[in-house]
Amino acid sequence: MKPSIYSLTRNDLIAWTIEHGEKKFRATQIWDWLYRKRVQSFEEMTNLSKDFIALLNENFLVNPLKQRIVQESADGTVKYLFELPDGMLIETVLMRQHYGLSVCVTTQVGCNIGCTFCASGLIKKQRDLNNGEITAQIMLVQKYFDERGQGERISHVVVMGIGEPFDNYDNVLKFLRTINDDNGLAIGARHITVSTSGLAHKIRDFANEGVQVNLAVSLHAPNNELRSSIMRINRSFPLEKLFAAIEYYIETTNRRVTFEYIMLNGVNDSPENAQELADLTKKIRKLSYVNLIPYNPVTEHDQYSRSPKERVDAFYDVLKKNGVNCVVRQEHGTDIDAACGQLRSNTMKRDREKATAGTAQ
């Protein structure tokens, strides 16, 4: 299977072009066609020779994704189900925010982190996405807006879809540098957020990369016992190790860390839990922020339900009284398969049922 040309960084593309007997400026032309003009075939690159276009076609695909399903919410949220060249399925979500268009990308096919409340882990990790497959998600969503002709552009990216980004570290890093490139999509680093479930050693590595993107940590519990019971990763990276890495990140980058905290009724949403969370984050309060997330129920995890508004409000009040910077996240796409991984999981279930029915006939 040929790789997507999106899998090449700009430096990779320059090296490949020179290696194949062309001048460096040809790489600049290709990059411009891909990310500024956003063409979907090499034939549209009209300032390249036919022989060079043939060489590109021989070695690369442009966009490796095929659109399977699109769900649009009443609030303007759009959820895409894309099929990869090997038939695997991934999700991408577009959210309309007051500050612009934000896209949430997937980094792995399935997830091995094992959070007990999450739809993403219903199907175990089958492989990493390469950086071209991650970039292609942005390009296909942007293509939709280009075709509408209203001049709308993706302004923000969150790496919070299916999978653990830091478990696919190198590909995610290449993706970040591609979409941030001033000569391409030029999405500002401070408009990009990467979320991790808590791979402490990778947080330290990320601190040393010099990228100015935002970091979010999926915390979801304020003590080791509770966090280990709902997030298996805490057994490998308990809170002491995780927070040591977070403190290192803040000291190294002087950048704020956001904590994601999903509100599970009767599990992690008591005033006592809120006080524990305030105490846990006290040392880094000036450069941390807590995002309280309403839970989107998942059929396969029916032991969990959404915290009622009064419990969320009480939790929020405790945090605010302790001086914690926090917000209750605005919901998106509640009338479609809203939970991360849910559309993919439901589609795969329907595909299996159809296959079984066909075999029975």
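Including glycine, each Cβ sits where the backbone N, Cα and C put it.
These figures come from a predicted structure and were not determined experimentally.
Here Swiss-Prot has Gly163, Glu164, Ser218, Leu219, His220, Asn296 binding S-adenosyl-L-methionine, and the candidate from Ser195, Ser236, Ser270, Ser307 in that same listed site is Ser195. Closest in space to Cys104 (disulfide bond), of the binding-site residues given as Glu164, Ser195, His220, is Ser195, taking the CA atom of each residue. If you measure from the Cα atom of Leu219 (S-adenosyl-L-methionine binding site) to that of Glu91 (active site, proton acceptor), you get 23 Å. A C-beta separation below 8 Å, combined with a sequence spacing of at least six in one chain, links Ser218 (S-adenosyl-L-methionine binding site) to Cys115, Ser195, Thr196, Ser197, Gly198, Met231, Glu260.
The maximal spread of the S-adenosyl-L-methionine binding site, taken as the longest Cα to Cα distance among Gly163, Glu164, Ser195, Ser218, Leu219, His220, Asn296, is 19 Å. Averaged across the domain 'Radical SAM core' (97-335), the predicted model reaches a pLDDT of 95.
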